[in-house]
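Here TrEMBL flags B:His122, B:His411 as heme b 1; low-spin binding site. Sequence annotations record features per position, and here TrEMBL assigns Cu cation binding site to B:His271, B:His321, B:His322. What TrEMBL lists as heme b 2; high-spin binding site is B:His409. If you look up TrEMBL, you'll see B:267-528 marked as domain 'Cytochrome oxidase subunit I profile'. Here TrEMBL flags B:38-59, B:80-101, B:121-143, B:155-178, B:224-248, B:268-290, B:299-318, B:338-361, B:373-394, B:414-434, B:446-464, B:498-520 (among others) as transmembrane segment.
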Amino acid sequence: MDIDHNIAVVVAKSFGLFYLIALSIGVLVYVYWPSNGKRFDDAAKNVIHDEDAPWH
Amino acid sequence: MVSQLTRNERQLALVILSALALCGLAMAAIGRDDLIGGHGAFILLASLGMGFVVTSGYYHAEPSDERLAHYYDDPSKVGIVLAMIWVVFGLFIGDWVAWLLVYPEMTFDGGWASFGRLRPIHTTAVIFGFGGNALIATSFHVLQRTSRARLPDQLSPWFVLLGYNLFCLLAVTGYSMGLTQSKEYAEPEWYADIWLVIVWVTYFVLYLRTLARRKEPHIYVANWYYMAFILVVAVLHIVNNLAVPVSIAHAKSYSLFSGVQDAMTQWWYGHNAVAFFLTAGFLGMMYYYLPKKAGRPIFSYRMSIISFWGITFMYMWAGSHHLHYTALPQWVQTLGVTFSVMLLVPSWASAGNALLTLNGAWHKVRDDATLRFMMVAAIFYGLSTFEGSFMAIRPVNALSHYTDWTVGHVHAGALGWVALITFGSFYSVVPWLWKRERMYSAKLVELHFWLALAGTIIYVFAMWNSGIIQGLMWRTYNDSGTLAYSFVDSLIAMRPYYIARAIGGLLFLIGAAVGFYNIWMTARGALEESPTNADRPAAVPVAARTIEAGE
Amino acid sequence: MFGLHYKLERNTIGFALAVIVVAGIGGFVEIAPLFTVDETVEEAPNMRVYTPLELAGRNIYIREGCYACHSQMIRTLRDEVERYGPYSLAVESKYDHPMLWGSKRTGPDIARLGGKYSDQWHVAHLNNPRDVVPESIMPSYAYLGRAELKANDLGLHLKAMRAVGVPYTDEMIANATSDTYGQAMPDSTFSSGLSKRYGDKTTVRDFDGVAGQVTEMDALVAYLQILGKLTDAAYSPVAKAED
């Protein structure tokens with residue numbers, strides 16, 4: 001392997017953490033973005049009322 | 001089944017089966033001095049048998065375009081029946097090996113009946129046979145409903161379902177002959193692994209093709225979980241099974257990695273198989289069938305998305321907690337603990353979401369054992385993820401690792417969560433799929449529920465006790481500073497718990513058999529007694545159309 | 001930001017890629033150091049490889065699923081070191097494709113089993129564990145003593161092991177079958193080159209005590225007797241345990 005073990009460890013420890021934080025923020029922003037709310041509500045409700053045939 | 005395929009699909013099916021038969025023939029011929037030859041013959045016979053079925057239906061009239069106005073559910077129906085067959089078989093073997101630890105003489109002087117060969121048959125039959133078929137069957141059902149689109153063709157779902165079961169059969173028959181890679185939950189040898197890759201890619205493509213045809217713009221969250229399951233399992237499977245066969249005439253192979261690297265890869269696989277096979281997939285099931293059966297939208301759709309990304313991301317890092325205090329570098333172990341503990345957040349978010357969805361519908365939960373299955377499953381999911389995070393902490397793990405506590409933990413998850421959510425989903429979906437008004441017998445659903453719950457609790461408590469006692473006995477010192485107990489002392493102390501565990505397992509097995517009977521009778525169109533609940537409409541006898549599995 | 005996600009979601013392939021990236025980066029960043037972890041594995045210059053007979057025995061151990069009940073990984077805990085011996089080093093399983101660290105101790109750890117018991121003890125124990133340890137719940141493996149060992153293709157096995165990185169020489173591969181017989185038949189002519197190829201400490205014995213035939217029992221016992229003995233690295237700096 002070309003990548004030195006220590007470099008790999010440092011990357012895993014530092015970048016991994018930042019990546020985790022960035023990702024969490026991204027997900028939270030997406031989830032709480034106001035205009036997404038309605039879409040989510042619709043999605044949650046729609047499964048309850050799916051009639052048993054595909055749409056055309 | 002064949003009459004539902006178009007002429008083109010029938011031709012394609014024959015091409016595929018011929019190719020498969022040729023592979024089987026080649027394996028049987030080249031590997032005639034090895035066990036791989038037996039598997040070759042098995043593949044040959046299986047594909048010839050299927051080929052016979054397709055040929056005999058080849059000149060049936062083609063299905064009309066009217067079919068496109070309906071969802072394609074027959075693969076789901078067959079998948080459910082197969083899952084129930086696998087679960088009864090797998091639990092039977094599981095209970096058998098449990099009794100083997102009480103009566104070790106029951107091996108008939110043959111290798112096939114000894115603990116070491118039967119145990120992987122049990123784990124494969126329940127995880128892959130039962131769990132996998134349940135996931136495939138329900139994913140087809142959920143995918144079509146939430147996309148409001150029919151599966152794109154009639155052949156590929158059958159290819160996925162039957163091809164997957166061929167893999168499972170190769171796996172379990174292989175173990176009883178002694179074919180295994182010894183990697184837990186990835187025991188099948190190289191040729192079976194390659195076959196699974198082909199099946200799995202088809203599965204994924206089928207999923208994408210259906211989603212591409214969807215009429216509903218938003219992809220419902222259950223599908224996210226199913227897709228993560230399909231994708232990540234593919235990656236895990238390929239990486240962990242990298243190996244060099246002795247030759248193409250040998251079933252035996254040597255894994256590419258060795259020692260510490262192999263250990264890490266194996267538990268990265270093992271842990272994420274739990275995450276993406278036994279958790280993500282079944283969460284997908286829960287996020288569809290629970291709201292639907294309860295008639296209430298999921299409590300917080302937002303929370304389900306957050307849990308999704310949390311689980312997808314964090315599980316990947318947690319595998320190393322299986323290797324505490326071993327030759328694995330310390331920092332990897334620490335990382336494993338940290339992420340294992342953080343995982344509690346998305347896990348509990350999912351469990352809480354499920355329970356809060358039921359909040360306000362408790363009367364339904366009280367009256368309807370199907371919903372109760374799902375509720376108890378969510379509770380067990382919450383409990384066993386908590387326990388898992390706890391056991392990942394190094395000092396706790398020092399005690400629990402290598403003991404029956406781990407076995408208890410796994411079964412709290414496997415019986416309490418995976419099996420119960422599946423039974424709950426099956427009891428919901430079976431009447432819908434077969435167009436029955438309800439299950440054949442509500443009383444039997446109730447009976448199954450209590451057998452399953454009692455079995456799980458007895459099992460888990462027995463293993464907690466034995467595990468903790470074992471762990472403590474191994475590390476107890478007497479006053480003179482030497483170890484107080486020999487290994488055999490701990491063995492003697494285990495016996496009562498092993499008996500209790502085997503009885504718990506037996507109850508769970510009987511419950512599953514009752515469930516199988518109930519599902520079978522429902523499929524056949526029978527109705528036992530009229531429903532007792534006032535809030536259900538009086539029983540209107542459904543035209544008793546007998547349906548064979550596979551029709 | 002969310003517009004992007006919206007598009008992602010409408011485009012299924014994109015969504016699938018997102019899952020791969022999210023899970024994959026997490027997995028990869030953590031896994032990457034493990035592909036270089038062999039740089040951190042201790043050195044053990046004198047470590048020898050498994051003889052073909054031992055390898056065959058190891059394959060029987062795998063086939064019978066002994067790993068389901070026995071671990072081969074002594075952790076760095078005081079009680080384990082006192083019960084089983086010096087804790088396991090990474091290097092000791094360097095040639096183990098796959099590793100057999102195990103996950104469950106229904107039976108005891110056997111990482112340092114080699115030399116603990118006599119061959120006769122092992123044969124008696126495997127024939128019927130309860131003859132030796134009355135409380136044992138281990139299955140009996142008497143049929144191994146009746147099965148002749150298949151040795152004619154062991155050269156191919158060594159070749160495959162070499163392909164995954166174990167330093168078997170051409171000579172070892174060429175002589176694999178005769179070395180197998182040689183190790184279990186001390187008086188035969190096959191034994192000559194064995195210690196030259198695998199080292200002086202290679203044991204040449206009739207492991208199962210039945211002369212004239214090499215059985216699966218021979219192979220398994222030969223393997224059990226080498227456990228923990230491929231290198232003495234674990235003994236050199238006195239292995240100290242954490243609590």
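Count begins at 1; order follows the chain as displayed.
Keep in mind that glycine also has a Cβ here, set from the backbone N, Cα and C atoms.
Of all the binding-site residues in the list B:His122, B:His409, B:His411, the shortest Cα-Cα distance to B:His322 (Cu cation binding site) is found for B:His409.
With respect to their backbone Cα atoms, B:His409 (heme b 2; high-spin binding site) and B:His271 (Cu cation binding site) stand 13 Å from each other. For the domain 'Cytochrome oxidase subunit I profile' (B:267-528), the mean pLDDT of the prediction comes to 93. Around B:His321 (Cu cation binding site), a 10 Å sphere centred on its CB holds 27 further CB atoms from the protein chains shown. For the pair B:His321 (Cu cation binding site) and B:His411 (heme b 1; low-spin binding site), the Cα-Cα distance reads 18 Å. Those binding-site residues from the list B:His122, B:His271, B:His321, B:His322, B:His409, B:His411 that have a Cβ under 8 Å from chain C Cβ atoms: B:His322. As a quick check, the transmembrane segment (B:80-101) and the transmembrane segment (B:414-434) clear the bar of 3 or more Cβ pairs under 8 A, pairs 6 or more apart, so the two touch. Segment contact holds for the transmembrane segment (B:338-361) and the transmembrane segment (B:268-290), given three or more CB pairs below 8 angstroms at sequence separation of 6 or more. The C-beta environment of B:His271 (Cu cation binding site), restricted to residues of the same chain at least 6 apart in sequence and closer than 8 Å, consists of B:Tyr315, B:Ala318, B:Gly319, B:His321, B:His322. Between the transmembrane segment (B:414-434) and the transmembrane segment (B:446-464), the number of CB pairs under 8 angstroms, six or more residues apart, is three or more, so the stretches are in contact. Around B:His411 (heme b 1; low-spin binding site), a 10 Å sphere centred on its CB holds 26 further CB atoms from the protein chains shown. Annotated Cu cation site B:His271, B:His321, B:His322; additional same-chain residues within 8 Å of its Cβ mean position, judged by their own Cβ, are B:Trp267, B:Gly270, B:Ala318, B:Gly319, B:Ser320, B:Leu323, B:Gly336, B:Ser340, B:Ala392.
Shown are the binding-site residues B:His122, B:His322, B:His409; the one with the most C-beta atoms within 10 angstroms of its own C-beta is B:His322.
In the three-state DSSP scheme, B:His271 (Cu cation binding site) falls into the helix class.
Long-range contacts of the transmembrane segment (B:121-143) within the same chain: residues 71-73, 75-80, 82-84, 86-87, 89-91, 93-94, 96-97, 151, 157, 160-161, 164-165, 167-168, 171-172, 175-176, 184-185, 187-188, 203, 207, 210-211, 220, 222-223, 226, 229, 273, 277-278, 281-282, 284-285, 288-289, 414, 418-419, 422, 425-426, 429, 433, each at least 6 residues beyond the stretch ends and with a Cβ under 8 Å from a Cβ of the stretch. When secondary structure is read from DSSP and collapsed to three states, B:His321 (Cu cation binding site) falls in the helix class.
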